[in-house]
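The following features are taken from TrEMBL:
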type	residues	note
REGION	1-66	region 'Disordered'
DOMAIN	80-452	domain 'Isopropylmalate dehydrogenase-like'
BINDING	T125, I126, T127, R132, K309, G359, T360, V361, T362, R363, H364, N377	NADP(+) binding site
BINDING	T127, S144, P145, N146, G147, T148, I149, R150, R159, R182	D-threo-isocitrate binding site
SITE	Y189	site 'Critical for catalysis'
SITE	K261	site 'Critical for catalysis'
BINDING	D301, D324	Mn(2+) binding site
Amino acid sequence: MLTCAPLKPGRAGATQGPSDRSSRVHTIPAASPLPATHKTWPDTSALSAPSVRPLPPPSAGAPACWPQPSASKCISSGTLILTNVDVDLKYYDLGLPYRDQTNDQVTIDSALATQKYNVAVKCATITPDEDRVEEFKLKKMWKSPNGTIRNILGGTVFREPIICKNIPRLVPGWTQAITIGRHAHGDQYKATDFVADRAGTFKMVFTPTDGSAANEWEVFKFPAGGVGMGMYNTDESISGFAHSCFQYAIQKKWPLYMSTKNTILKAYDGRFKDIFQEIFEKNYKPEFDKVKIWYEHRLIDDMVAQVLKSSGGFVWACKNYDGDVQSDILAQGFGSLGLMTSVLVCPDGKTIEAEAAHGTVTRHYREHQKGRPTSTNPIASIFAWTRGLEHRGKLDGNQDLIKFALTLERVCVETVESGSMTKDLAGCIHGGLSNVRLNEHYVNTTDFLDAIKNNLEKALGK
């Protein structure tokens, strides 16, 4: 993970521990566009503080969100960012080996650094299952790093499609983007679940800290084996979720819809509905009226149907699990999960973490390890950088940095629209991956990055 701190003179970065440079969080303490004449690759040693070791070569077998970047040229930071922006980076290695070595403390440290510097860019990470525990010889099955980070930062994950005119949409009626705001705390992602291996009674108990009598609920009497789960959320987190969504809707000037299943979960989902309505009436209704947008609560099943019939142009606030699922549906409906941005916006309004909406692409990395070229779509990862740099620019009042970020985003879209694209996008246009051929319909990863780089240099007047 990479975090960004306020702008200050010079290039000074730090590296957090040994790294495979794949699954990372980067904090960005400082960033400023380089002069148009600057075209040299950055000295990687300049990215490390004297007291901290530079990043070593990639670890063998560590999956990445794109073929493992080398010290001189990584997917977006080396090719497109560090050649154009003087950026102070703080690295946190979230690859499984180092997470295991630190007992996952590095994940917590990265979240705390994000709180300190206000801007972070995160690579795709792995949540280990039984097979990964064995493959990496892990001490335990570590929890999702995204879940850990989100539970520390709070806030809302906003996912929005990157629209290219020549990429067909599975839902052709979606002529405008749809932004999903996913609550990034609690529910299934911090639940306690178990397997009951015999008959018995499952109960929930709430014990007040003030010493008053405990409340007890009988959930189910198991006649034999089964499964159970207990989960939670907090008024504070739900309120932060609401504020983030209302603020984002005002920023976009789009109406906001909040979906729950409060007809079934009357207390649990009903609490979400009530808090949203109270905060809207108390804090945001006049501003919504001013920009002629509205807020409305809907049942999740009704909302899904309405979304498919809509033309887009709204913000959809979802609970944690709903947002996880529906954002992938939206991404595919708009064309590709590789064309989806993901930004965690914290309730303070100034702290964000940007990342690609997709996960690791291990199969592509295995091909890269064998020396074979891949055609892997880097656009969502590039947009993670641009959204982070744009926000850094807004916090620092750095208009040149904002302009650079927006220019790079525009260049990515225009490059695809000009006909240069990776295999996944070509498959969307030509009816499937089996119908496309290299250098006729698509190019490999490095050629695509070179095309973006050349177009960016033209746009920047280099």
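Indices start at 1 and increase along the chain as displayed.
A Cβ is built for glycine as well, from the same backbone N, Cα and C atoms used for every other residue.
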(message) Quick check on the binding-site residues T125, T127, T360, T362: which one has the highest count of other Cβ atoms within 10 Å of its Cβ?
(response) T125
(message) If you measure from the CA of K309 (NADP(+) binding site) out to 10 Å, which binding-site residues from the list P145, R159, D324 are inside that radius?
(response) none
(message) Near D301 (Mn(2+) binding site) in space, meaning Cα within 10 angstroms, which of the recorded positions do we find among I149, R159, Y189, K261, T360, T362?
(response) K261
(request) Provide, as an integer number of angstrom, the distance between the C-alpha atoms of R159 (D-threo-isocitrate binding site) and T360 (NADP(+) binding site). (result) 17
(request) Whole-number Å only: compute the distance from the Cα of P145 (D-threo-isocitrate binding site) to the Cα of T360 (NADP(+) binding site). (result) 13
(request) Could you state the whole-number distance in Å separating the C-alpha atoms of T360 (NADP(+) binding site) and K261 (site 'Critical for catalysis')? (result) 32
(request) Please tell me which one of the binding-site residues listed here (G147, I149, D324) sits closest to T127 (NADP(+) binding site), measuring Cα to Cα? (result) G147
(message) These are the recorded positions: R159, K261, K309, H364. Which one scores highest on other Cβ atoms within 10 Å?
(response) R159
(message) Let me spell it out: for each of the binding-site residues (D301, D324), count the other Cβ atoms within 10 Å of that residue's Cβ, using every protein chain shown. Which one has the most?
(response) D324
